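Worksheet for the structure shown next.
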Amino acid sequence: MSQTVIEPVSTAVRDENSPLLEIRDLEVGFQTQHGVVPAVRGVNLTLYPGQTLAIVGESGSGKTTTAQAIINLLANTGTVTAGQILFEGRDLTTLKPKEMQDVRGRLIGYVPQDPMSNLNPVWNIGFQVEEAIRANGGAMSRKAAKLRTIEVLKEAGLSDAEDRLKQFPHQFSGGMRQRVLIGIGLSARPKLLIADEPTSALDVTVQRQILDHLATLTRDYGTSVLFITHDLGLAAERAEQLVVMYKGKVVESGPSQEILANPQHPYTQRLVAAAPSLASRRIQSAKHSVAVDTDVSAAGANDQVLVNRAIEREQAAPAKDLISVQGISKMYRIRTKGFKYNELLAVNDVSFGIKKGTTTALVGESGSGKSTVAKLILQLESITSGQIEFDGQDVAGLKGADLLKFRRRVQPVFQDPYGSLDPQYNVGNTIAEPLLAHKVGTAKERQARVRELLDQVSLPWASRHRYPSELSGGQRQRIAIARALALKPDVLVLDEAVSALDVLVQGQVLNLLTELQTELDLTYLFITHDLAVVRLVADNVCVMQQGRIVEAATTDEVFDNPRQSYTQELLAAIPGGNFEFGR
Amino acid sequence: MPSNRQTQPHFVAALEDTPIAAIDRLDETEKARSTWADAWESLRGKPSFWIASALILLIVIVALFPGIFTQVPPDQNCLLANSNKGPEEGHLLGFTRQGCDVYSRMIHGTQASVTVGLLATMIVTLFGLVVGALAGYYGGFFDAIVSRIGDIFFAVPTVLGAIVLMSVLPERTPVTIALVLSIFAWPQIARIMRGSVLSARNSDYVTASIALGVSKFRILVRHVVPNAIAPVIVIATVSLGTFIVAEATLSFLGIGLPPQIMSWGNDINSAQSSIRTNPQVLIYPAIALSLTVLAFLMLGDAVRDALDPESRARR
């Protein structure tokens, strides 16, 4: 390790062996209408100088709340109700607001989650970085501050830093914004950097670049890093120490390699088993060895089920394509100034076919045109050129009754389980809606069908009275699947259908989808940015880049022997992909 | 990676401290809550809602059955001998300049004011809602025409427009006043509804419904309108109060209800001349007017808090 040049701001040299940050029995509660709801319940963790520690957990596990409590960024309703947060031996929970201001930025830097909303759109980048430098650096001449700003941006890995000072956040890509935020976070050379899901909103390849750069920087400065992430693979790859949180408590902590190789707590075991980047390897090996541990990890058993089904499907695959897409393109006209238009080719000469009863995955990063393809196939947008055939019939320009017939057979499930269900409709009415719209059956028959569908997605009959706001993301997505299945379609178009879900829930929904596929002989078009998920469910993969399909083959071929450099890049960027995990 | 860093022991929480639940199971013990049930839950806990409701209920009862509250006829048997006399037994609030009972006139004036308020609100809300929803949902040419017509009416201040129109109308009744006020007030509701529909139209559940094969009009009625209506309800509640004020204003200016119809506006108008000698004649109808408007504003406030999606999310 290159322990280099820059000395930390503080002159107090503390022992390397005494912890930089020590959290003892921390409890945080939020004030609500129904009294104080605990969010963090007795968390302990220790971070030594120069170390990287990751807190891993699902949404609602209290990982972000813990991090925010350190520098008191809790929302107004949240308070630390018990415990200590010792930073270099000083208890941060007892600091006055003014003292805390001094700690923030200068001693503890913070990189927020969403680069899209954490830069102020009305100020240019230079101003925002300079603001942070001035806030933490004390008195400084304008010129010095500007020079330092350029330096910070350069260190954060932005090219042409001088020219970019006058640019505004909207002129930056997501990755560039996150670099700026990292630059701001590290500008005062803090001893600790808290990075709250710093790359969750970014594409995998960008994520890798950013994290590599962050690792280099913090190693050079000797900064400790506290990572907050939901991604076990990412945590394993980037952190030496791991803290697994569940429902506000630490369930397991220790050296990350040891935890992932040998998870002890049932929850960690579950998490390790379900993490798709890890499990995707398992499917491959499980094909050769039938030995699968069965006791705690239900997902492990399901992997075997998935494999068997995949084999069955391979053998039983019929020859004809159910959906055949031939050379489709979609052009969007974007008005620039006045009456001029720029033409944007969102989908460029895309062809592929899907056989009945199989799953084809369309993989790509944001802006690759994968979702547009889904919309074209669903007839939600019209194609500019090319042909889409469904069951031997050209579907472009279907109207009236024919379109209705097509919609009955091809149903969508959308990404956002929070947005795709009408908040005013209860579950029963939501699922019954397609039946009503297509005038299927009597009221009684429809009710029977709703019952059957709820059963298929393993939700209790009692849930029919619930409203979407009362359900979890996974439950909502199961409702969306039930609604899509109501008309007994042949094809489901799943547009990022599991991307917004926590790993465990994601695994559950993927298992459900696979079960339904065999049970109902469904054909899936699976659109996702997550290659790890693809490995679990897809038979064929089409990799998209900038509107084109760059590689199309069976899943095994793509994963074992990617031909295109882009595919190789994508595969290499999966966090924890090349990490050895035991279970 | 250097190896001289401190490693911490592998810690595992005791299972009894951290029982793990089944993945993503539905809590069947909780009660189902719709948006409206939620809103009701929130309203129920607000004292201001109850105060406003009680006041409004009282006002409505007074408007419907003034006979319960007073047996004194408001505009007959007015003896000039009683002119501007103070309170006495059976005439709690004293007399007007014409010698009529102030209390009785106040009670009987409720009906006209409340009728105008309710009627105008109903017409404005219904018309604005339908027009705004259609314009926002279908867009295009219809939207352009409706929005521009709305802008024209929007540019004219409601009371000013009403003054002009009222002065040329042959007959002035609560119904005509409500109609005239509605002509100038509907664009506000239409605008709000249009904006609200525009945002609801682009939501994922609408796209999902299209892909499910639900017809366009059905989506408007079943998904878009129910999700877009909340701000309109809030504005409608608040504007009820302002319509009552508008009626009083017009009557005060002498172009609202004719003097033979009792209303608070008329009473305030005729009290002008005796404001120095006998201020109670002015004060009591004014208080009645203020209380009514306050009640509806309070109700509107409470309803807005209950329906506001942001405050809902925090719950």
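The backbone N, Cα and C atoms fix where each Cβ goes, and this holds for glycine too.
The feature domain 'ABC transmembrane type-1' is assigned by TrEMBL to B:110-300.
Long-range neighbours of the transmembrane segment (B:49-69) within the same chain, counting only residues 6 or more positions beyond its ends whose Cβ lies under 8 Å from a Cβ of the stretch, are 43, 107-108, 110-111, 113-115, 291-292, 294-296, 298-299, 302-303. Among the features that TrEMBL reports, transmembrane segment is placed at B:49-69 (among others).
Cβ atoms under 8 Å from those of the transmembrane segment (B:114-137) belong to residues 59-60, 63, 143, 146-147, 150, 174-175, 177-179, 181-182, 185-198, 201, 220, 224-225, 228-229, 232, 236, 239-241, 243-244, 246-247, 292, 296 of the same chain, restricted to positions at least 6 beyond its ends. Positions annotated as transmembrane segment by TrEMBL: B:114-137 (among others).
Counting residues 6+ beyond its ends, the transmembrane segment (B:149-169) has Cβ neighbours under 8 Å at 131, 176-177, 180-181, 183-188, 190-191, 246, 249-250, 253, 255-256 in the same chain. TrEMBL lists B:149-169 (among others) with the feature transmembrane segment.
Marked as transmembrane segment by TrEMBL: B:175-193 (among others). Outside the transmembrane segment (B:175-193) by six or more residues, the chain places 115-116, 119-120, 123-125, 127-129, 131-133, 135-136, 146-147, 150-151, 153-154, 156-158, 161-162, 165-166, 169, 228-229, 231-232, 235-236, 239, 243, 246-247, 250, 256-257 with a CB less than 8 A from a CB of the stretch.
Beyond its flanks by at least six residues, the transmembrane segment (B:228-255) meets 112-114, 116-118, 120-121, 124-125, 128-129, 132-133, 136, 158-159, 162-163, 166-167, 172, 174, 177-178, 181, 185, 188-189, 192-193, 196-197, 199-200, 263-266, 268-269, 289, 292-297, 299-301, 303-304, 307, 309 of its own chain at Cβ-Cβ distances under 8 Å. Residues or ranges marked as transmembrane segment in TrEMBL: B:228-255 (among others).
Counting residues 6+ beyond its ends, the transmembrane segment (B:282-303) has Cβ neighbours under 8 Å at 39, 43, 46, 48-49, 51-53, 55-56, 59, 93, 102-103, 105-106, 109-110, 113-114, 117, 233-235, 237-238, 240-242, 244-245, 248, 264-265, 267-268, 271-272, 274-275 in the same chain. Among the features that TrEMBL reports, transmembrane segment is placed at B:282-303 (among others).
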